[in-house]
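TrEMBL lists 1-47, 192-212, 378-415 with the feature region 'Disordered'. The feature transmembrane segment is assigned by TrEMBL to 62-83, 89-106, 118-142, 148-169, 216-236, 268-285, 297-316, 336-358. For 192-206, 378-388, the entry in TrEMBL reads compositional bias 'Low complexity'. Taken from TrEMBL, the feature compositional bias 'Pro residues' applies to 389-400.
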Amino acid sequence: MSFPPPPPDRMHLQYQPAPPQQAGPGGAYGPVQQRPDQPVPGQLPPAEMTMAKPGTITGVQVILWIFTALAGLGDIAAAISLVEYFTPFGLIGLAWAAYSTVQALTSGIHITRGKRWAWIWSLVSSILGLAISAAAIVFGVVYIEVAALTLVIGVVLAGLYGTLLGLLCSKSARQWILMHRIRRGEVQVQGLAAGPGGPAQAAPADPQRPEKRPGAATFAVVAVWLLAALSAWSLVNDIRFLMAVSAEFYGFGDALFIAGHRPPVYDLIAHTVILVGALITAPLLAKGKSGGRVFGIVWSILATVFAGLMLTFVVIDYVDGYYDLPPLPGRIDPLIPAFGWTILRTALALLVFVLLLTPGVRAWTPGKPPSALIMVVPQPQGPYGQPGPSMPQQPGPYAPPRQSGPYGPPPNSGY
């Protein structure tokens, strides 16, 4: 005994879904795959992937706009100063002001869009700004009679950079960046991609690193600590030198006269930046954090530039005869430590930069691989709350479905 085939789905016959778009000539490559970041028409993102803009992000934007205005004024002032009297330090100041303008303007625009690179760039710049502000504060305290304005500027910048660093590291700001990364499909959260049409996707596994730290990574950590120790020792000597000059001479002009072409404040700023960056990079690199490697690459480039400028000034002083005077009785020739420590500092900074790019360090500090976030389209609902069809149904094995006539169902349809 055989039974007639089930009646065709009338709703499906009435509302035919649009066929998927085919890729290639004549659809040779199959249907076009939808990108993870492509919005689904007529649907809002899930509630887990939406959040109101937090106040910390607004505060970050406000501070970045302030830095944009201040850096723009600094660009104009530095350019006017270079036209009137050109100096290498004036050129460095103009370059830093231009960098600050571009960084603050670009990051202020893109951090509200949840771009992670803007967040990292602002984080690195705030740390460097804090180091430079600390050096300006120390210089202003030592030369309070003639550098009171430098002290005030250092305190103001330290307050702005410290506030910016705190806002960037806040939980709400990090959640804002993470939420946008999830929506763009860069990361995947366990259970977030689940829906009525499919199972939940497991979160990507943590990046695998070697059980034993490679020799290149250990060598890089040791080199960073050596550079930190050398910078700390040099920083103490810089402060002692400035205090001695302030006590024995009249002011900043005398320090310039006895220090050669390189003002002591430059050494103070350079050693502070190198020391702070090394103290941040070394622990993160020892723990195998990818952020430590990324930050270390940026910091090592800056440290190499600072150390290279120091070496350049030593060479200029040597050519101009600054070291021609004989040393005092019982003292070594000042040319030996001037060249020796400066060359060692430059070599260590360059060595750290090269080591951070080696395969051993990259294997020890792997980043989390981006994984696509699968957006599951909910199944459409039929009448009376029953799930409706989401794909064209294949005809039954007995007979092909027939269209209903104008007066009722087709013959032999079971009615």
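Cβ from N, Cα, C; glycine included.
Predicted automatically and left uncurated, TrEMBL annotations should be read as such.
Contact between the transmembrane segment (148-169) and the transmembrane segment (62-83) is supported: at least 3 Cβ pairs lie under 8 Å, counting only residues 6 or more apart in sequence.
Beyond the transmembrane segment (62-83), the same-chain residues lying 6 or more positions past its ends with a Cβ under 8 Å from any Cβ of the stretch are 90-91, 93-94, 97-98, 100-101, 104-105, 107-108, 111, 122, 160, 163-164, 167. Between the transmembrane segment (118-142) and the listed ranges 216-236, 297-316, 336-358, the one holding the most Cβ pairs under 8 Å is 297-316. Listed as Cβ neighbours of the transmembrane segment (268-285) (distance under 8 Å, sequence separation of 6 or more from its ends, same chain) are residues 127-128, 130-132, 134-136, 138-139, 217, 220-221, 224-225, 227-228, 231-232, 234-235, 238-239, 242, 291-293, 295-296, 299-300, 302-303, 306-307, 309-310, 345, 349, 352, 356, 361, 365.
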